[in-house]
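Student: So TrEMBL lists the following for this protein:
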type: TRANSMEM; residues: 28-47; note: transmembrane segment
type: DOMAIN; residues: 47-318; note: domain 'Rhodopsin'
type: TRANSMEM; residues: 68-89; note: transmembrane segment
type: TRANSMEM; residues: 123-142; note: transmembrane segment
type: TRANSMEM; residues: 163-184; note: transmembrane segment
type: TRANSMEM; residues: 217-238; note: transmembrane segment
type: TRANSMEM; residues: 250-268; note: transmembrane segment
type: TRANSMEM; residues: 288-314; note: transmembrane segment
type: REGION; residues: 345-372; note: region 'Disordered'
C-alpha cells in the first residue's frame with residue numbers, strides 16, 4: 001500500500017471553525033441559484049424537444065441525449081436542495097417548537113464536517129455521491145449532444161465532419177470511463193458513504209488517500225475544460241463560410257457566447273479545486289468546501305444546456321411571434337384625375353361636360369385619342385418607371401366653346 005496521507009488523518013488537521021461563512025455556503029444562495037437556473041434550463045430544453053419532436057418532426061440522437069442529460073441533472077438538483085434541508089437554524093427552531101425532528105439526518109452541505117454526526121456524515125456523503133454522479137454523467141452527455149448536433153450542420157466528407165467524429169468518439173470514451181468511476185467509486189458502492197465498512201475497496205472519487213482523491217477531481221476538471229474548448233472551436237469556420245445560412249451563423253454565434261460563459265465557469269471550478277485540493281486542504285472539510293464546486297458545476301451544466309437548446313427553438317419562436325404581432329406598411333398615394341361617369345350609349349356624362357367637349361373637339365377636327373394619357377394616375381400605372389418632372393402640377397382645363 002502506498003505511503004500516502006489518508007483522508008481520515010486530515011480531518012481536523014487545521015482548526016477552521018472560526019472562519020467566516022462564505023456566501024456560497026448560505027442556504028439562500030444554494031437554493032435560490034440552483035432552483036432558478038434549473039427552472040430556466042428545464043424551460044429551454046423543453047422548448048427544444050417540443051420543436052424537434054412536434055414542430056419540425058426531425059428528432060435525433062442529440063435530442064435524446066439532451067433530454068436524458070436534463071433528467072439525470074434533476075438528481076443533482078434534488079440532492080443539492082436536500083443538502084441544505086434541515087441543517088440550519090430555521091428547521092432547528094421548528095423542531096424545538098414541535099419536539100419532533102424533521103428529516104433529522106438530511107443536510108450537512110455548507111457546514112463543517114467535524115460538526116456533523118456520524119449518521120449525518122453518512123447521509124451527506126450519500127447525497128454528494130448522487131450529485132457528483134449526476135454531474136459527471138450530465139457533462140459527458142451534453143458534450144455528446146453538442147457534437148451530434150454539429151453533425152446535422154457539417155457537410156459529408158469534410159475535414160470538419162471527420163474531426164467532429166473523432167472528438168465524439170473521444171468524448172464517448174472519456175464520458176463512459178468517468179461516469180463509471182463516479183457511480184462505482186467503491187466496492188461495495190455503499191462503502192463510499194458508509195465508512196464503517198472496513199473491507200471496502202475504493203479508488204478515484206472514493207479514494208482513501210488525499211493525493212488520489214485530489215488527482216481524480218483535478219484530471220476531470222482539466223479534461224472537461226479542454227474538451228469544451230475543442231468542441232467550441234469546431235464550428236467556428238462556418239462563421240466565415242459564404243455558403244452558411246445567416247440563421248445558422250446566428251445560432252453558432254449564440255452557442256459560442258454561452259459556451260464561453262460555460263468555459264469561464266469551468267475555469268473557476270478548476271481554480272476552486274486547486275485552491276482546496278478537492279476539499280482536503282488545509283484540512284479535510286468536505287461539506288464546508290463543497291458548495292462552490294457544486295454550484296459552479298451546476299451552473300456550468302445549465303448554461304451548456306441552454307446554449308445547446310436556444311439555436312434549435314429560437315427561430316420557431318421568432319416566426320411565431322412575428323405571426324402574432326403582424327405589422328403591415330401601407331403606402332397611400334393621392335393623384336388628381338379628370339374623370340366623369342358616363343351614361344351608357346350616351347354622348348353626355350352626368351354633368352354634360354364630356355359631351356360638350358367631344359362635340360366641340362370634333363367640330364374643330366382635333367383628336368382626343370391620347371387625352372387620357374395626360375392623367376397622372378393612369379400614366380403612373382402604364383409606365384411606373386417614367387421620369388416625373390419635379391414640381392409638376394396636374395390641372396384640369398375647362399374651355400367654353402362659345403368663346404371660340
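The backbone N, Cα and C atoms fix where each Cβ goes, and this holds for glycine too.
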Student: Could you pull out which residues elsewhere in the chain have a CB under 8 Å from any CB of the transmembrane segment (28-47), counting only those six or more residues past its ends?
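Tutor: Tertiary neighbours of the transmembrane segment (28-47) are 66-67, 70, 73-74, 77, 80-81, 83-84, 109-110, 291, 294-295, 298-299, 301-303, 305-306, 309-310, 312-313, 317.
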Student: Mind checking which residues of the chain, 6+ beyond the ends of the transmembrane segment (123-142), have their Cβ under 8 Å from one of its Cβ atoms?
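Tutor: Tertiary neighbours of the transmembrane segment (123-142) are 65-66, 68-69, 72-76, 79-80, 82-83, 105-109, 116, 171-172, 174-176, 178-179, 181-183, 185, 192-193, 205, 220, 224, 286-287, 290, 294, 297-298, 300-301, 304-305, 308.
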Student: Given the cut-off of 8 Å on Cβ pairs that are 6 or more apart in sequence, determine whether the transmembrane segment (288-314) and the transmembrane segment (68-89) share at least 3 such pairs.
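Tutor: Answer yes: the transmembrane segment (288-314) meets the transmembrane segment (68-89) with 3 or more Cβ pairs below 8 Å.
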Student: Give residue numbers and ranges for long-range contacts of the transmembrane segment (250-268): same chain, 6 or more residues beyond its ends, CB-CB under 8 A.
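Tutor: Beyond its ends, the transmembrane segment (250-268) has Cβ neighbours at 146, 221, 224-225, 228-229, 231-232, 235-236, 238-239, 296, 299-300, 303-304, 306-308, 310-312, 314-315.
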